[in-house]
C-alpha cells in the first residue's frame, strides 16, 4: 500500500499577538464619580468648562493667592490642577488617550517581568568631523570602509552588531549625528549609549559641543573615547579638563563618566571601549520581550531600483520574521526580504538587531515606529489612520507651531529656549550677557547652545527637537538653511546690533506670556433698604454711587471696607422693570447670587476681569 506524501507543516508561531483594540484607550475628560480625569495639560478655560465652573472663579482662586500673571489661556501644571480639584472637592487623575492615529507613538506593552530578557545595548558614535568617528566604527567592525573621514560616507545599512565576550553590541553607523537628532525630533528614543569621540591632539571643537548638547538633551549616558593618542601633541589630561565644563568627568575627578583613550587607526583601546559599553549596559539592564509580534524604529530608508522602498530598522521588542505584515507610519506591507549588514538573507531578527527589509508600499521616514500585526487588513487600517493624522497635522498653523516653543520649566515659569550663533566669540559672550540681564516677570530664557560659525543643518535639527528659536548675529543665512528652517517650522532671527536683538527678544518673551488679566471696577451701589422674597431671596434696594451696575457681572459685597462675599449680580430691577444695567445716580433693586445676609449700608461693588497690556 502506497503512503500518501506528507506536506511539511508550517511551524506554529509562538509569538504573542498584538490585539490593537486592547491597547486603544479613549479617555473622556471630565468629572466622573467625584474624580476629575484628563489626558493632556489644560488651559484655565478648558479646565473650567470640564468641571462646569465659571472661568472667573478659577482665576479668582489664583488672585487670592497673589498670583496675578494668569488668564483663561494659562496652561495649568499638575500641581495647580490638583490644587484646584481639592478646592472644588474633587480628586484628580491623569490618563493617556490612545487611538489608532497615535498608537505607534504611544503603545505601552504589557510584558510580564519573566518574559523580559537581556538585549544588546544600542550605541551611537558622535563627535567633531575628522576626529575619527568612521575610523573608530571601522576598527570596531574590523573592516576599513574608508581611511579618509572627510571624504568617506558610510555605505552599508546604517547599523551593525559586534560580539565581545559572547555579548552583542549594536552600533548605529551614520555619517554624523543628524540622524540621531532627526529621530529624536520624531520622538524616537532609540539610542541607549552615546560614544563621544574626541581627538587627543585637537581637543573640544564645535561639533563636539553639538554632540554633547544632543546627547544631554536626549538624556542618554555618554562614554568619552579620546582618540588619536598615538599622535604627537595628544594630551589626555587636557581633554578631561576641557570637557569637565560640560559636567563630564571621570571617577578619579569626582564624576561618573567613563573615559577611554586609544587610537582607532592602530586599533588601540577598542577592547577597553567595548568593555566600558558592556559595563554601562549591565548597570542599566537593557531588556525586551523577544517572544512577541515585532515593534521597532526606522533608522534609514530609500528607494532601491528593482526592489522598491527599503527600510533599515532596529527591533525594540518581539521578533521580526520574513512574511510578517507591518505598519510603519503611513507605509505598510509584507516583509519579503530581510538582510543583515553584510547582505546575508535572514528569516528573523530579535531585539536590538538591525536589518534591511523590503516589501513596503511607500518609503517611511527615519524615526518612525513600526508594528507587526497578524493580517494585511490590520496593518492597512492602521496605516490609513496614520495618514489621517498626518493630514490633520498639515493644517496646524505656524502660529500653533510657534506656541509650542514655549515650555514650563521646573519652577513653573514659562521658558523660551534659544540657540545662538555668532560671528566671533566676543560677540557671543556679549549676547549671552545681554540676554542674562533681561528681566520679565513670568517668563525666562534658556540657551540650549551658543557657538560661533554659520547656522548648520544640525543647528536647525536641534532647534526642531528642542522647540528652540535660533538667533543669528552678524552672519548670513543660506537659502538652503532658510528653506530647511521653514519646512521644520524653526524660527531664525538675524541681527547686527545687540540692543535691537534684546528689544525683539523682550517682545518675543512678552508675547510668550499669557495675557495678564486684572480686576476693573465697573461701578458701586450702596444698600439703603432690604426686602425678603420667598423665591429669590433678599433684594437689596440700592443707589448707584458711581459707574453702573450690570446684570450677571461679577460683584463683591463690602462691609466697613472689608470684602465679605464674592458672587455676581443675579437679578437687576429698575422700579418695576427687570433691566440689564442701571447707571450712576439711579436707584435699583439688586439680587446677589447665593447671598441673603446682605445688610443696609453695605457696598455692592461691580467689576470685570480685563486683559492688561504687558508692553
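Backbone N, Cα and C atoms are what each Cβ position is placed from, and that goes for glycine too.
So that you can see what the record holds, here are the features copied from Swiss-Prot:
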type	residues	note
DOMAIN	118-285	domain 'tr-type G'
REGION	127-134	region 'G1'
BINDING	127-134, 173-177, 227-230	GTP binding site
REGION	152-156	region 'G2'
REGION	173-176	region 'G3'
REGION	227-230	region 'G4'
Exercise for the section: By Cβ count within 10 Å, point out the most packed of the binding-site residues listed: 133, 229. Expected result: 133
Completion exercise
DSSP puts the residues of the region 'G4' (227-230) at 0 helix, 1 strand, 3 coil
Exercise for the section: Could you say whether, by DSSP, residue 130 (GTP binding site) belongs to a helix, a strand or a coil region? Expected result: coil
Fill in the blank from the handout: So residue 127 (GTP binding site), by the Cβ count within 10 Å over all chains shown, scores 26
Fill in the blank from the handout: Taken over the region 'G2' (152-156), the predicted model's pLDDT averages 41
Completion exercise
Cβ density check for residue 130 (GTP binding site), other Cβ within 10 Å (all protein chains) comes to 16
